[in-house]
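Working notes, structure below.
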Amino acid sequence: MNKNSSNVMALAPNTPNKRETVCIFGTGDFGRALGHKMIQSGYPVVYGSRSTQISNLIPKDAEVLGHAEAAQKAAIIIIAIQRQHYNFLTPLAEVLRGKVLVDISNNLKLNQYPESNAEYLAQLLPGSRVVKAFNTVSAWALQSGTLDASRQVFVCGDDVEAKQMVMNIVRALGLTPLDKGTLLAAQEIENYPLQLFPMWKFPFFLSLGLTAFFFFYCLALDVIYTYIYENNNFSFFIAITIPNRVFPVMALILLALVYLPGIFAAIIQLYRGTKYRRFPDWLDKWMLCRKQLGLIALAFASLHVVFTLVTPMRAFVSWRTSKGIISQVLNNKTEPLNNTNAWISDSYLALGILGYFLFVLLGITSLPSVSNNVNWREFRFVQSKLGYLALILCTAHTLVYGGKWFLSPTAYKWYLPNIYMLSLVVPCAVLVVKFVLIFPCIDKPLTQIRQGWERNPKYSE
C-alpha cells in the first residue's frame, strides 16, 4: 500500500503536502534555480542562510531561516556552496548528524584537490550521509526546462538508502539519475563538467593536422611551383581553389578512418581466434571516436558542396570561360562536344551527389533523437552497410575526377603526386581489405568468433 502511494506521489508534482521538506544551504544562482524547480515539483523548500531577510530573488514559496534552524526541518540538505566555505558546517555537526548531505559543487580545474569535494565534506562531517549529485546540471538548464543534453544526473555515495532518496528527487524533477557507485567516483563526476569535448580532441587535432598538411601541400604545388617555373601568380587560389581541394580530400580520408578501426578489429580477432581479449588501447580509443570523425568528415563534405556551388561566380572562372569563347571566335572554329569528357563529368557529379546524400543520412542517424528511435539492426545497417556504400561512392567520385592524373607526367610537380592521389590511399586500402574480409572462407570464421567461438579457449577471460 505504501509503495503504491509513493509511486503515485512521484507522478504527481502538484501535491506539495505529500513531499518531504528539502533544505538548501546557499542562495546563489544554482541554489535558487534548484529550489524553484523543486517547488514546481511539489517539494517544500527551506533555505539556510546567514541572512534571514527574504530577497526578491528567492522563490516566493520558499522559507528562509538560519542554517541550524533550516537543517532541523529537513532530512535532505543540499549544499549549494563552494568547497572553500565548507568550514562553517563544522559547528553544525550535531544538527547534521544522520542527515543526507547532497554535495553539488564543482572545481575550477581538473583534480584541483587530492580528494573530491564530496569526500572532503564526508571527512568534515563523519556523522552525516554524503551523496554527490546535481553537479552536471546547470542553473540555466533548470530554469529553461532542462534540455535533453542536461537531463542526466550522476549520483554516487556510500549510503545506499541516502543515494536512493536523492535519486527519487532527481526523478521527481524530470531528470534521469545514473548511479555511479560509492563516493570514490565523486572525483570523476566532479571532473566531468570540466572536460571540454573529451571525445572530440583526437578527431579535432587529427583533422587540424591533416588539413594544415594538405593545405601547404597544395600551396606548394599550385601556387609556389607555378610562380617559380611558369611565372604565373595564382596566389588567389588560397581563398577558394585550395580549400575546395582540401575539403573533399579531408572528407574522404576521415570517412575511411571511421571504418579503418573496424578492419583492424576484425584482423586482430581472426589472428587471436577469440573476441574475449581486449583490443589495444589505441584501437579502443579510436573506435570510441568514430562518430566524431564521421561528423567532422560530413562538415568537410558540406563545405566542399558550398564552395563548389560558388565556383561559377569566381572572376577566374569567368575569365577562363570568356577566354575560351573568344579564342574560338578568333579562330572561327567551334570545338565539338567531347562525349567522353561529358560522360566523365556527369558521372563524377552523379557519384558525388549520391555519396553526399548517404553521407548526410549517416550524420542524421547518428543524432541521439534519431538513433533512439531505430533498433540495433536498423542502426547497424545504416552505419555499416550504407556507410560502406557511401565510402565506395565517394571514392569512385574521386577516382573518376582525378584518375586521369595518375598517368600524366605533368601532374607530378617536384616529383610529388597530386593531392587526389594521396586522398585515395586510405579509402582504397579499406575497401580492398573489406572486400577480402567478406569472402566466405574468412567471413564465416569471423562471424563464429563474434558469436562466442574460440580457437583456443585458454585465452578467454
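Heads up, the Cβ atoms here are built off N, Cα and C, so glycines get one too.
According to TrEMBL, the domain 'Pyrroline-5-carboxylate reductase catalytic N-terminal' annotation covers 21-107. Taken from TrEMBL, the feature transmembrane segment applies to 204-229, 249-271, 292-310, 347-365, 386-407, 419-442. Here TrEMBL flags 249-394 as domain 'Ferric oxidoreductase'.
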Leading stretch by Cβ pairs under 8 Å, where the reference is the transmembrane segment (419-442) and the options are 249-271, 292-310, 386-407: 249-271
Residues of the domain 'Ferric oxidoreductase' (249-394) by DSSP state, where helix covers H, G and I: 122 helix, 0 strand, 24 coil
Ranked first among 204-229, 292-310, 386-407 for CB pairs under 8 angstroms with the transmembrane segment (249-271): 292-310
Residues in the domain 'Pyrroline-5-carboxylate reductase catalytic N-terminal' (21-107) grouped by DSSP into helix, strand and remaining coil: 32 helix, 19 strand, 36 coil
